[in-house]
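As annotated by Swiss-Prot, transmembrane segment applies to 4-24, 111-131, 134-154, 167-187, 208-228, 242-262, 272-292, 305-325, 330-350, 386-406, 416-436, 462-482 (among others).
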Amino acid sequence: MNSFPWLTIIVVFPILTGSLIFLLPHRGNKVMKWYTLCICILELLLTTYTFCYHFQLDDPLTQLTENYKWIHFFDFYWRLGIDGLSIGPILLTGFITTLATLAAWPVTRDAQLFHFLMLAMYSGQIGSFSSRDLLLFFLMWEFELIPVYLLLSMWGGKKRLYSATKFILYTAGGSIFLLIGVLGIGLYGSNEPTLNFETLANQSYPVALEVIFYVGFLIAFAVKLPIIPFHTWLPDTHGEAHYSTCMLLAGILLKMGAYGLVRINMELLPHAHCLFSPGLIIVGAIQIIYAASTSPGQLNLKKRIAYSSISHMGFIIIGIGSLSDTGLNGAILQIISHGFIGAALFFLAGTSYDRIRLLYLDEMGGMAIPLPKLFTMLSILSMASLALPGLSGFVAELLVFFGIITSQKYLLMPKILIAFLMAIGMILTPIYSLSMLRQMFYGYKLFNVPNYYFFDSGPRELFVSISLLLPIIGIGIYPDFVLSLSVEKVEAIISHFFFR
């Protein structure tokens, strides 16, 4: 057990310091914005320092563990720890939240509450990724929904209340299954309830019971990821939310579903995962094609990007279902890669909306000449989204592709068929990405906007865009930087399926 509570400080620091926002003077919003930004930067530096100096990459076991008894009656512990699987998403959370805070600079209405909710969400997400106790994982999972709901319902488009209600109904419905699964696993087969991940990972269940648990967790994570048909909240939510909230949703929230699938469904329930993995692969392939073919029909720019996110999540599902080292590494790389790409696309969609007050592509056109910087950034990020070689999306999708082809668990013909379907999805992706660029930036100027709106990206917006673009290029050129974090843990997880 770790002597100094690094992880507890990392989890609690944003919400504790965030609650002091309400004590700051009300003279303008600048003090509060800088205060929030400083908290995010401090938290990111603290996390990076802890992982650099106290985390061994070659050890697949849980490190920096903390174990404090919390509720004596229920044997409930505040149990934290990280391994190769959680280190990437935690660093991604810190990076995206810091940039989302900077992106939220124009927010002036109820700015104190807005920034506090962003910091509360930050704590909940890091808590979810670093929990080593199932009930604590559930509590963090639920705690993080409250700020998201308030961010969606209070700031955004005209239909924001509808989309926020839809979001909370879907996620709360999924959470019921998550709670039943958590309590079922914790109370099964022993006199004393245990919710410790390490203990549960070595416990075996009757296959029928394991399948029931698996389905419960799968529904909860399928809503968050999202897996079709649980995806309909996502386009509505992204279409209405403020773009800084969209960055957090696309960059981190969706990845929590993928993380849960690997952490709980794969690690704790390997027999059921073997049974369900062919189904996951089929659903993933259908999802890639379905979302990629639905996206070109969306005239709302943010909804089109939302459907592209759903399509990219299909690769993560296939990687998780492939039961191979390469496939799972590809899925984890896609989690990180799409976190940057999705956040950057929504940020640029939001900055273009700030200028022209339009979201519908058929009303846009000819923006390349008045907004050259925005045009350049959005073009490069669209290329990253369609998996251009040299950018992070390409490496992740290629690894998933190789992972399914080299998997030892499937016959040759099904593997070829799935690879063919994935290839069709990869061909459909440029269709909606490039048509989006064509409708926005080329052709005649269709909209009537006074010229004073037409200033190109300022220093703040360029800084956020470039900060998101650099990791995308970096991972594309040297993917081992991210893969080295998780490769040992992935081998440990996959070995369960071959030696158990």
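Backbone N, Cα and C define each Cβ position, glycine as well.
For the transmembrane segment (416-436), the partner stretch with the most Cβ pairs below 8 Å, chosen from 242-262, 272-292, 462-482, is 272-292.
Between the transmembrane segment (242-262) and the stretches 111-131, 305-325, 330-350, Cβ pairs under 8 Å are most numerous for 330-350.
The list of residues near the transmembrane segment (208-228) in space but at least 6 beyond its ends in sequence, with Cβ under 8 angstroms from a Cβ of it, reads 170-171, 173-175, 177-178, 180-181, 184-185, 188, 234, 253-254, 256-258, 260-261, 264-265, 269, 271-273, 275-276, 283-284, 286-287, 290-291, 310, 313, 316-317. Beyond its flanks by at least six residues, the transmembrane segment (305-325) meets 225-228, 231, 234-235, 237-239, 250, 254, 258, 261-262, 266, 273-274, 276-281, 283-288, 290-292, 294-295, 298, 331-332, 334-335, 338, 341-342, 345-346, 349, 385, 393, 396-397, 399-400, 403-404, 406-409, 418, 422, 425, 428-429, 432-433, 487, 490-491, 494, 497 of its own chain at Cβ-Cβ distances under 8 Å. Below 8 angstroms of C-beta separation, residues 88, 95, 99, 102-103, 332-333, 336-337, 340-341, 343-344, 347-348, 373, 377, 380-381, 384, 389-396, 399 of the same chain, each at least six residues beyond the ends of the transmembrane segment (462-482), sit close to that stretch.
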